Amino acid sequence: MKALILVGGFGTRLRPLTLSFPKPLVDFANKPMILHQIEALKEVGVTEVVLAINYRPEVMLNFLKDFEDKLGITITCSQETEPLGTAGPLALARDKLVDGSGEPFFVLNSDVISEYPFAELIKFHKSHGGEATIMVTKVDEPSKYGVVVMEEVTGMVEKFVEKPKIFVGNKINAGIYLLNPSVLDRIELKPTSIEKEVFPRIASDAKLFALVLPGFWMDVGQPRDYITGLRLYLDSLRKRSTNRLATGAHIVGNVLVHESAKIGEGCLIGPDVAIGPGCVVEDGVRLSRCTVMRGVHIKKHACISNSIIGWHSTVGQWARIENMTILGEDVHVGDEVYTNGGVVLPHKEIKSSILKPEIVM
């Protein structure tokens, strides 16, 4: 089987992290976001992954080359010269996706984190005999989204309603699809939306089906959702693979610590924390609801919450970082500095407190 991952463009919503790496290579729970998807695809027999990309393809391919060998999976790029929306990239990559076997192929949005129930998706797709299957997820406030109206028993999609003012359902597109090659005949090589143009046409022919996604789902393309997504991911990990989570008197709730990280005495870590490879956390540090990426050094008695600390940054003694502060790569926060939210671009030194959210350039 094959898969296409819609990587997209510049990752502006997740800056400053995407100033250092393309968004799919930004760490999530101690590994690049896109690697979560590729590993799950490999488990259900996908042998080739095509990355639909219009930004820095050489960085992506160079980085993923090692994982190609480790996973035994082929990773190639299909590069857009102009933005093609969410359907145009399928037409562009047609020759890479169609091999004459008639097998369906996956299409994923690269921002989506879930438990990736691909085996269930394949089984459902083959059972209904339609042309395309989309995964949907339930939301509390459907009026903010495009809602998928479907038959509860068969899963056949009846229509899509954009930001409904009256209740028509609570299921939205989860950005995970399994499509027959015939879907490509419906797509022209031009900027096109698969959600607003292609899927409604397939639904009108009664050939589009939806499967409700079990477990959690989150689009982690912006910082606040990234932090929420980490909490949901760690909750799921506790249910599926408890032995991967950290334990000890200094751990509170769900915490993921890379084996090469070093944590000092008297720390309190958690809940909902990921600490990456090569990190050093000195004595008396308090961490909660945050991600600490590869190579970060956190000095004594610092306190970090609701924040993302970019690669190879340093947080000084008694510093306090909170309220959705996002540090880019190689940022140095001084001793006793307080940051109350905001974005700090890579390679900056913060010597004085940031009392209200701002961008430090």
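Heads up, the Cβ atoms here are built off N, Cα and C, so glycines get one too.
Per Swiss-Prot, the feature GDP-alpha-D-mannose binding site maps to Leu6, Val7, Gly85, Asn109, Asp111, Gly146, Asn173. DSSP classifies Leu6 (GDP-alpha-D-mannose binding site) as strand under the three-state reduction. Listed in sequence order, Ala52, Thr86, Pro89, Val107, Leu108, Asn109, Ser110 are the same-chain residues six or more apart from Leu6 (GDP-alpha-D-mannose binding site) with CB atoms under 8 A from its CB.
What Swiss-Prot lists as diphosphate binding site is Gly9, Gly11, Thr12, Arg13, Lys23. Around the Cβ of Lys23 (diphosphate binding site), a 10 Å sphere holds 24 further Cβ atoms from the protein chains shown.
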Could you state the CA-to-CA distance between Val7 (GDP-alpha-D-mannose binding site) and Lys23 (diphosphate binding site) to the nearest Å?
8
Of Thr12, Arg13, Lys23, i.e. the binding-site residues, those within 10 Å of Asp111 (GDP-alpha-D-mannose binding site) when Cα atoms are compared:
Lys23
Tell me the Cα distance separating Gly85 (GDP-alpha-D-mannose binding site) from Arg13 (diphosphate binding site), rounded to the nearest angstrom.
17
To the nearest whole angstrom, what is the C-alpha distance linking Thr12 (diphosphate binding site) and Gly85 (GDP-alpha-D-mannose binding site)?
16
